[in-house]
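Data first, discussion second: the structure below is written as structure tokens.
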Amino acid sequence: MRCQVWNVIELNLSSSCLHGLLNSKSNIFSLQNLRFLDLSNNHFSGQILSSLGNFSSLTTLDLSENHFSGQIPSSLGNLLHLTSLDLTDNNFVGDIPTSLGNLSHLTLLLLGANNLVGEIPFSLGNLSHLTDLTLCENDLAGEIPSSFENLSHLTNLDLSQNNLVGEIPSFFGSFNQLVSLAVEENEFTGNFLLILLNLTNLSDLSLSRNQFTGTLPPNMSSLSNLVLFYADANAFTGTIPSSLLNIPSLSCFDLSDNQLNGNIEFGNISSSLSDLLLGNNNFRGSIHKSISKLVNLYTLDLSHFNTQGSINFSIFSDLKLLVDLHLSHLNTTTTIDLNTFLSSFKSLDTLDLSGNHISAINKSSVSNPVTTARPGLGLTNPLLLSRFNLSGCGVTEFPEFLRTQQTMEILDISNNKINGQVPGWLWTLPTLDYVNLSNNTFTGFQRLMVPSSWQPSMNYFSGANNNFTGNLPAFICAFTLQALHLRKNHLSGVFPENISESLKSLDVGHNQLVGKLPRSLVRISSLEVLNVENNKINDTFPFWLSSLEELQVLVLRSNAFHGPMQQTRFPNLRIIDVSHNHFNGTLPSDFFVNWTVMFLLGENEDQFNGEYMGTSYYSDSIVVMNKGLEMEMVRILKIFTSVDFSRNKFEGEIPKSIGLLKELHVLNLSSNTFTGHIPSSMGKLRELESLDVAQNKLSGDIPQDLGDLSYLAYMNFSHNQLVGPLPGGTQFLTQNCSSFEENAGHFGPSLEKVCDIHGKTMQESEMPGSEEDEEEVISWIAATIGFIPGIAFGLMMGYILVCYKPEWFMNVFGKNKSRSTSSTTR
């Protein structure tokens, strides 16, 4: 606190653990002569009162790092003496007030990390004295205002992580005092702006994750003070200008995830470089041994570098300071002694060798531990990795060096040819958090080599697609896991009762489990996904799971579940599949009334659009019957919804409450014995894409409102007792005639257009032998036409899954981690 003539003019309460609301009764509002007010890094909440705009003498106002919410009051535009305004890292919403353009003395305006929307006000261009403008991490849209041309004194401009569009304005080239420019994670387009080369004071330039195209200019060396250059995840083409890599001050360089090509002469790169990320481009040729000159590298990413031959991994042995090394998918076949290779490094934390054809020399790490020299002491310490990815390398043995890796957190050796038993010592690694052993040929688990009371801190384990036999491993089920995936094995017996109560995802589908679902599942309050498909479970419908408020996916298909299904409450259920069981009885008319997320999801569509279920570590996957085909969704969009009750023994009418599920995408009720009319309420399913009610005993008309469902691309009404004209909507006219066959009472112009029968009825299907043979040939041709694109699609999806890193790996192993150390320099 600072006073002048009995008046408090300066009040600094930053980092004082204060909380609560700032209301009109707060003593602060009696200090009308304040010039400096800093309440940053506290726990204040609620809205800012407009009366704060009455502090007419304020020159500095800092409310950053609190929990303030609501809109930024326009009255702040009355603080005409203000030179610094910092509202960073709060929960402010709404538009940026145009009145802030009145603050003509402002030099710092920091509004980042809020929830602000709308366009950037044109009036901010009036702030001609601004040196620092930060609007990052909001939801701002539109183009950069032309009025920004007046902000010629800017030294720092951060517009990153918004939804801004258009090209970078040419007047940016006149910001000759600019030191840092960040526009990453927007939707900017166009070529690299040549006029940016005039910014000779520029130290940090981040263009990442936009839609920039074209080539990089050859004379990048004019940015002679450049330290950080991030332009990853764009569509830049051509070669990397050698002048850019030669800038002496350059420390961090990221051009990964573009379409660059050509060769790279590593010997000409600035020796001060600490981070070099070039992965996921179109580079071809050998990795030259001159890379060994980059002795100051901490991070190196050359993933998807098409070497077209073997690699001598010893060329990396001089890079002793490396912390993160990414060498995945190099299109190489080589032999590597992991012990010898790893002993070259002092501080290696992350190693990614996935997607290569590696023959690993697998020495025992107990008798030959991986060690690294400690200069000046003549001693050696074991090298301890935290993250190791050997996925898809064709290795046949479990890597023995892992036995001594006491700091290992993330381990992925999936998609290999490793057989035998999972070693018991694996579970003794104290920091192990993520283990992926899927897609190998493991047969079992060695005896746990720890006391029964010992609990690892593991969050994720996948042993899917192996040859595990016997019971579900009780000791793994008891781990404090968030995700346990053991699908597609040969596991048998009953569920253990001691399943982790921290689970979010449990997938044991495609095994031979018997008995009933354990009632202990009801204690897993965080469970989001339960998949037990294709087992031999014999039980009634688990109504008791309705107490799990977070349950979003329930897959019981292809078991021996039986009995009726009564009205129950599943408020967050998005996907349910109970097909291929023995459920029977009628479904009450109000059966779906408490499945609220399927008729409220659209209200939060912007929140979930593009998001997938799972976490940064893993993605949930399921098989759904969609549009007449079984499709494997390797990642589940949060906005996807599906109800599949097919191939059971349900009877009676289809519940009218089905019409409440306005956000439903897939509905399959086929192969039951439903009777009565198709509910007209189905016409309210505005998001429906696939509808299958075939092979029931439905009667009456097809509701005409179904013709108005614009997303309905697939439908099957065949093998019922339906009558009357087909709806006239465009979607109906594009269906195959087989979608309506075996319904004797259909007629009308829509049916004639669909089936092109011109007067024939659906019963007149018999034809002479030659015509029948001809139709059979045509059917085979049609099947082949459908089959070939299916193969192409499958190969394409396989390529994508094999060649691109899973989301969890990019989040945990990827460049974001390495960037965090340098971003503080901005």
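Glycine is no exception: its Cβ is also placed from the backbone N, Cα and C atoms.
Lifted from Swiss-Prot, the feature list:
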{"type": "REPEAT", "residues": "32-54", "note": "repeat 'LRR 2'"}
{"type": "CARBOHYD", "residues": "Asn54", "note": "N-linked glycosylation site"}
{"type": "REPEAT", "residues": "55-79", "note": "repeat 'LRR 3'"}
{"type": "REPEAT", "residues": "81-103", "note": "repeat 'LRR 4'"}
{"type": "CARBOHYD", "residues": "Asn102", "note": "N-linked glycosylation site"}
{"type": "CARBOHYD", "residues": "Asn126", "note": "N-linked glycosylation site"}
{"type": "CARBOHYD", "residues": "Asn150", "note": "N-linked glycosylation site"}
{"type": "REPEAT", "residues": "199-223", "note": "repeat 'LRR 9'"}
{"type": "CARBOHYD", "residues": "Asn219", "note": "N-linked glycosylation site"}
{"type": "CARBOHYD", "residues": "Asn268", "note": "N-linked glycosylation site"}
{"type": "REPEAT", "residues": "273-294", "note": "repeat 'LRR 12'"}
{"type": "REPEAT", "residues": "296-318", "note": "repeat 'LRR 13'"}
{"type": "CARBOHYD", "residues": "Asn312", "note": "N-linked glycosylation site"}
{"type": "CARBOHYD", "residues": "Asn331", "note": "N-linked glycosylation site"}
{"type": "REPEAT", "residues": "382-405", "note": "repeat 'LRR 16'"}
{"type": "REPEAT", "residues": "406-429", "note": "repeat 'LRR 17'"}
{"type": "CARBOHYD", "residues": "Asn439", "note": "N-linked glycosylation site"}
{"type": "REPEAT", "residues": "455-478", "note": "repeat 'LRR 19'"}
{"type": "REPEAT", "residues": "525-550", "note": "repeat 'LRR 22'"}
{"type": "CARBOHYD", "residues": "Asn584", "note": "N-linked glycosylation site"}
{"type": "REPEAT", "residues": "662-685", "note": "repeat 'LRR 26'"}
{"type": "CARBOHYD", "residues": "Asn668", "note": "N-linked glycosylation site"}
{"type": "REPEAT", "residues": "711-734", "note": "repeat 'LRR 28'"}
{"type": "CARBOHYD", "residues": "Asn716", "note": "N-linked glycosylation site"}
{"type": "TRANSMEM", "residues": "781-801", "note": "transmembrane segment"}
{"type": "TOPO_DOM", "residues": "802-826", "note": "topological domain 'Cytoplasmic'"}
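Counting every protein chain shown, the number of other Cβ atoms lying within 10 Å of the Cβ of Asn584 (N-linked glycosylation site) is 15. A 10 Å cutoff on Cβ-Cβ distances gives Asn312 (N-linked glycosylation site) a total of 12 other Cβ atoms nearby, all chains included. Panel annotation: around the repeat 'LRR 9' (199-223), residues 160, 172-173, 175-192, 229-241, 243-244, 246-247, 249, 254, 825-826 of the same chain, lying at least six beyond its termini, place a Cβ under 8 Å from a Cβ of the stretch.
In the predicted model, the repeat 'LRR 9' (199-223) shows an average pLDDT of 96. Taking Cβ-Cβ distances under 8 Å and a sequence gap of 6 or more within the same chain, the neighbours of Asn268 (N-linked glycosylation site) are Ser242, Leu245, Asn246.
Ranking the glycosylation sites Asn331, Asn439, Asn584, Asn716 by Cα distance from Asn312 (N-linked glycosylation site) puts Asn331 first. Here the repeat 'LRR 26' (662-685) has Cβ contacts under 8 Å with residues 579, 597-602, 624-627, 639-656, 691-706, 708-709, 716, 722 of the same chain, all six or more residues outside its ends. For the repeat 'LRR 26' (662-685), residue counts in helix, strand and coil come to 5 helix, 8 strand, 11 coil, using DSSP. Less than 8 angstroms from the CB of Asn219 (N-linked glycosylation site) sit Leu197, Pro241, Ser243, each of them six or more residues away in the same chain. Comparing Cβ neighbour counts within 10 Å across the glycosylation sites Asn102, Asn331, Asn439, Asn668, Asn716, the minimum falls on Asn331. In three-state terms derived from DSSP, Asn126 (N-linked glycosylation site) belongs to a helical segment. Within 10 Å of the Cα of Asn102 (N-linked glycosylation site), the following glycosylation sites from the list Asn126, Asn150, Asn584 place their own Cα: Asn126. For Asn584 (N-linked glycosylation site), the nearest of the glycosylation sites by C-alpha distance turns out to be Asn668; the candidates were Asn54, Asn126, Asn150, Asn331, Asn668. Non-local neighbours of the repeat 'LRR 17' (406-429) in the same chain are 354, 384-399, 435-450, 456, 462-463, 467, 475, 802, 809, 812-813; each lies 6+ residues outside the stretch with a CB under 8 Å from one of its CB atoms.
A gap of 36 Å separates the Cα atoms of Asn716 (N-linked glycosylation site) and Asn439 (N-linked glycosylation site).
When the Cα of Asn331 (N-linked glycosylation site) is compared against those of the glycosylation sites Asn54, Asn126, Asn150, Asn668, the shortest separation belongs to Asn668. Counting same-chain residues at least six beyond the ends of the repeat 'LRR 12' (273-294), those with a Cβ under 8 angstroms from any Cβ of the stretch are 232, 240, 245, 250-267, 300-309, 311-312, 315-319, 326, 328, 330, 804, 815, 818-819, 822.
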